[in-house]
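Record features, source TrEMBL:
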type	residues	note
TRANSMEM	A:7-31	transmembrane segment
TRANSMEM	A:66-88	transmembrane segment
DOMAIN	A:96-325	domain 'ABC transmembrane type-1'
TRANSMEM	A:100-122	transmembrane segment
TRANSMEM	A:146-165	transmembrane segment
TRANSMEM	A:177-196	transmembrane segment
TRANSMEM	A:261-282	transmembrane segment
TRANSMEM	A:302-328	transmembrane segment
Amino acid sequence: MIIRSFLARFFSTLVTLFGVAVVVFVLVRIAPGNPIAMMLPPGATEEDVARLRALYGFDKTLIEQFFVWLGNVIYGDFGTSITMRLPVSELVLQRLPATLELSIMALVIALVLGGSLAVFGARFRGRAQEVGVDISTGAALSVPDFLWGLLLILAFGVAWPVLHISGRVDPHMDVDLTTNFYFFEGLLLGDFALVSSVLSHMLMPALALGLPLAAMIAQLLKQSLKEQLDQDYVNLARVRGHGETHVILSEALRNAALPTLTLIGVQFAFLIGGTVIVERLFAYEGLGNMAIDAVINRDLPLIQGIVLLFAVLFIAINLTVDLTYSLLNPKLRHD
Amino acid sequence: MTQNVFTLEISGLNVSSHSGTRVLDNISLQVEPGEVRALVGESGAGKSMIGRAVLGTLPPILDKSSGHIILNGKDLSLLSERKRREWVAHNAALIPQDPLSALNPVRRVGAQIITPLVRIHSWSKREAEDRCLSLLDQVKIRDPKRVLKSYPHELSGGMRQRILIAAAFANRPPLIVADEPTTALDVTVQKEILKIVRLLQEDTGTAVLFVTHDMGVVAQVSQTLTVLFGGRVLEDSKTHDVFTRDASHPYTQALIRSTPDYHSAGGKFVPVPDNVIATLHAQMRERLS
């Protein structure tokens with residue numbers, strides 16, 4: 001049973017990835033712009049252009065190109081970046097930790113902030129405090145992530161300059177780590193100078209990405225909490241002497257979290273998409289920033305590699321959400 | 001000090017919504033130790049609200065504005081919020097209306113009924129588990145050990161209601177509020193559940209405030225009854241008297257006649273006559289003006 005559902009999942013994942021690969025491959029080639037022309041100095045001969053085209057395989061038909069590329073991808077070869085002259089897999093894996101750290105930090109901010117606001121609003125439902133939560137989450141939602149980025153730069157970068165507005169780490173700092181997970185590896189090694197430098201760079205972009213999601217979580221979770229708080233099992237807990245805060249946290253929260261979890265899964269995927277623009281805004285050396293450069297330079301192999309990696313991330317997030325869901329909801333567990 | 005100490009004594013209880021609508025109006029009633037008192041009335045009469053006021057689970061938009069609720073010798077309105085919760089937890093329990101929503105879906109049944117005994121009544125875990133197992137046996141649940149390890153969705157509605165009844169009686173509280181415990185169940189299960197409530201009640205000597213709209217149920221379980229209309233007490237008497245002699249209030253008489261009874265009414269349903277309702281509404285308007 002478990003093996004069968006795992007296999008079904010695995011094959012549907014492969015189909016999804018193949019679809020993504022086809023779409024990306026075709027799209028970046030239909031889009032106007034010629035990467036070869038950008039690489040050659042002015043005055044290059046027709047012959048030079050043809051040689052370079054042959055080198056990158058652009059002289060073959062689209063279908064041929066696709067299967068050559070796909071064949072290489074299966075063996076872990078994503079091609080060579082046209083602009084950076086380095087293997088795409090190396091470039092992408094080097095940037096991935098930065099984006100993952102940023103997204104996870106944003107998610108943690110959204111969960112903590114949104115969760116507490118939801119519990120607070122549900123605890124004081126029908127009173128001024130709940131109205132306060134509604135107004136602040138409504139405001140946070142109506143501001144998109146990049147605008148949050150600009151507002152945060154104005155507040156903590158200009159008016160009260162306590163945080164760094166660009167980069168991932170202090171450029172003077174000697175970073176000597178085995179992985180590119182500066183924050184997590186720094187934490188593990190107990191290098192607090194590094195961790196605090198990374199945090200002071202990461203906090204603003206993470207907030208910009210996390211605030212709208214926090215508002216969404218707060219609104220949905222508060223609503224589901226309020227529905228749960230009218231249920232008889234909650235009343236029974238009250239009769240057994242539990243105070244309202246305890247009733248919310250230990251009885252209602254796990255039930256209310258289920259619909260919110262679905263939302264978090266979908267929105268976290270959007271959040272990773274949001275890193276593209278927010279990383280650009282804060283000159284943060286992640287995948288998103290690299291994606292923009294790749295698109296501007298028509299670096300086809302790099303674009304394909306990044307998009308495929310984003311697709312893998314989306315699928316991994318969905319899988320995690322489904323697993324967590326069945327962990328929280330006994331109705332979905334099979335023996 | 002009077003000789004008769006009530007398990008529950010409500011006097012002059014008023015409950016209104018924030019907008020000023022009066023839900024309970026000057027309610028007074030007493031429940032003696034071991035007594036089963038039925039609270040009857042149509043929907044909106046306020047019968048459930050009395051139970052919720054006693055247990056402190058009124059919806060947030062309602063407020064107990066005045067009056068006294070004395071539970072097992074302590075006036076709840078004189079206690080601090082925390083003390084009141086503790087006192088209620090020790091001296092009262094609830095059999096809820098809807099067994100399907102009265103067990104937390106994400107927690108095992110055992111944890112839900114054993115933990116409160118350990119936490120509130122400081123029983124040992126062993127003691128609590130033994131008591132629950134024997135009670136589940138008493139409410140005719142087969143294989144109680146397996147049931148304790150189950151999640152609520154794995155059990156039927158009737159089973160869940162029997163578990164909830166067992167849980168309410170577990171620590172032999174002086175008072176149990178039964179809030180329409182059979183309404184959500186089908187008729188054959190209803191009968192079984194009423195039998196179990198009566199059995200456990202006689203066994204433990206617990207007083208029960210039995211909220212219902214069903215005069216048939218009233219006749220089966222209660223010794224006394226309080227009839228409510230529009231948040232006020234219309235009649236307060238012995239159940240036996242109401243069913244054998246003519247009830248003193250015309251509304252109560254009409255309620256009894258409206259109970260579907262295949263044999264006496266020739267299969268016809270007799271609703272409460274409009275003029276009785278109209279008189280009551282007129283009285284209410286007079287009072288409010």
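The backbone N, Cα and C atoms fix where each Cβ goes, and this holds for glycine too.
Where the annotation comes from TrEMBL, it is an automatic prediction and has not been curated.
Each of A:7-31, A:66-88, A:100-122, A:261-282, A:302-328 was scored by its Cβ pairs under 8 Å to the transmembrane segment (A:177-196), and the highest score goes to A:100-122. Beyond the ends of the transmembrane segment (A:7-31), by six or more residues, the same chain brings 62, 65-66, 69-70, 73, 298, 300, 303-304, 307-308, 311-312, 315, 319 to within a C-beta distance below 8 angstroms of the stretch. Packing against the transmembrane segment (A:100-122) from elsewhere in the chain are residues 129-130, 133-134, 136-137, 181-184, 198, 202-203, 205-207, 209-211, 213-222, 225-226, 229, 245, 248-249, 252-253, 264, 268, 271-272, 275, 279, 284, 286: each is 6 or more residues past its ends and has a CB under 8 Å from a CB in it. Nonlocal intrachain contacts for the transmembrane segment (A:261-282), taken as residues 6+ away from its ends with a CB within less than 8 angstroms of a stretch CB, comprise 99, 102-103, 106-107, 110-111, 145-146, 149-150, 153, 165-167, 201, 204-205, 208-210, 213, 216-217, 220, 288-289, 291-292, 310, 313-314, 317-318, 320-321, 324-325, 328. Long-range contacts of the transmembrane segment (A:302-328) within its own chain (CB-CB distance under 8 A, at least 6 residues past either end) are made by residues 9, 13, 16-17, 20-21, 24-25, 28, 69, 73, 78-79, 81-84, 88-89, 91-92, 96, 254, 257-258, 261-262, 264-265, 268-269, 272-273, 287, 290-291, 294-295.
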